[in-house]
Amino acid sequence: MSDFTPLRSVLYMPSSNAKALEKAKTLPVDAVIFDLEDAVAPDAKPAAREAAAAAVSSGEYGRRTLTIRVNGLGTEWHDDDLAAAAQAGPAGVVVPKVNSADEVRGLVAALEKAGAPDHTKLWAMVETPQAIFDVRELAAASDRLAVLVMGTNDLVKELYAEHVPGRAPLLTSLSLSLLAARAAGIAIVDGVYNDVKDTDGFLAECRQGREMGFDGKTLIHPGQIEGANEAFAPSERAVEDARGILQAWEDGKGSGVVTYNGKMVENLHVESAQRTLAIHDAVRALED
Ligand SMILES: CC(C)(COP(=O)(O)OP(=O)(O)OC[C@H]1O[C@@H](n2cnc3c(N)ncnc32)[C@H](O)[C@@H]1OP(=O)(O)O)[C@@H](O)C(=O)NCCC(=O)NCCSC(=O)C[C@H](O)C(=O)O
Ligand SMILES: [Mg+2]
């Protein structure tokens with residue numbers, strides 16, 4: 001876990017919005033998605049592409065993980081977007097509506113052909129019924145695939161579902177994607193919450209995402225960053241418990257099972273505690 005990169009808060013911004021691009025340089029966000037897809041009107045796409053590439057190359061975003069979301073496979077903008085993103089060399093190229101393992105392999109080949117540096121990974125958006133059915137193979141299709149990104153707006157649209165508190169219509173898709181990411185050993189971030197003024201609803205969805213196991217949440221507004229950063233970082237209590245578990249394990253060296261605060265501790269709990277502390281250390285390192 002030493003090279004763990006926090007992805008608690010992953011903020012989309014339209015690459016056509018110069019003010020938002022500027023503002024992101026000061027926001028306490030773990031990662032930025034410079035968007036060329038849904039948030040950018042067709043006639044603004046060429047200029048947005050240039051702005052996104054320039055932002056990535058600028059060196060002005062500090063420790064933030066930078067990514068560019070290109071337009072999807074089969075669109076008139078995809079090839080030019082992918083070439084520009086590969087040349088700019090962000091941490092991730094986010095591709096919407098990836099449907100299958102074959103598409104992942106094709107995208108990785110295209111990135112390599114376009115000269116993307118080794119550190120530029122593929123982030124695949126899972127947001128169609130076909131992707132959900134193929135998500136296990138999709139997530140394991142390439143070592144260059146680093147992150148799954150849930151596209152819950154498109155999923156709701158494709159399922160003819162509704163956005164409801166608790167997200168019952170999406171739970172199967174969220175859970176299958178999460179299982180696939182964990183089986184493949186890659187990161188996964190939850191979808192966006194559209195109502196930027198509904199703080200309670202947003203925080204409830206962050207808690208749900210955290211409890212399910214997501215690494216973080218994609219966001220659409222700066223006002224959502226603080227809540228996501230807090231929800232997806234280990235709480236003080238969790239850090240204290242993790243340290244206590246490690247101490248109890250150390251004290252009981254040699255026994256296969258000990259207790260901490262009256263609860264059973266086995267090797268698997270020790271591994272979880274170590275993970276909690278590694279995430280805590282990585283988050284602290286960002287904040288220093
Ligand atoms: C949703 C918004 C259109 C709201 O914009 P606005 O009304 O301008 O908000 P505010 O006036 O409250 O903004 C306050 C300040 O913050 C800046 N700002 C706003 N949003 C962002 C942002 N995303 N990144 C950076 N900075 C931002 C404003 O410029 C104001 O700055 P200042 O005046 O200096 O204080 C808007 O928030 C927005 O456009 N959000 C992003 C929308 C987007 O990217 N959508 C596409 C991705 S969502 C999606 O499609 C996921 C997936 O594919 C799926 O299917 O689910
Ligand atoms: Mg989408």
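Note that Cβ sites are derived from N, Cα and C of the backbone, with glycine treated the same way.
So that you can see what the record holds, here are the features copied from TrEMBL:
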- 8-222: domain 'HpcH/HpaI aldolase/citrate lyase' (DOMAIN)
- Arg69, Glu127: substrate binding site (BINDING)
- Glu127, Asp154: Mg(2+) binding site (BINDING)
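Proximity of the binding-site residues (Arg69, Glu127, Asp154) to ligand 2: a Cβ under 6 Å from the molecule is found for Glu127, Asp154. On the backbone, the CA of Glu127 (substrate binding site) and the CA of Asp154 (Mg(2+) binding site) stand 6 Å apart.
When secondary structure is read from DSSP and collapsed to three states, Asp154 (Mg(2+) binding site) falls in the helix class. Listed binding-site residues: Glu127, Asp154; maximum Cβ neighbour count within 10 Å falls on Glu127. There are 27 other CB atoms within 10 A of the CB of Arg69 (substrate binding site), with all protein chains counted.
Arg69 (substrate binding site) sits 15 Å from Asp154 (Mg(2+) binding site), counting Cα to Cα.
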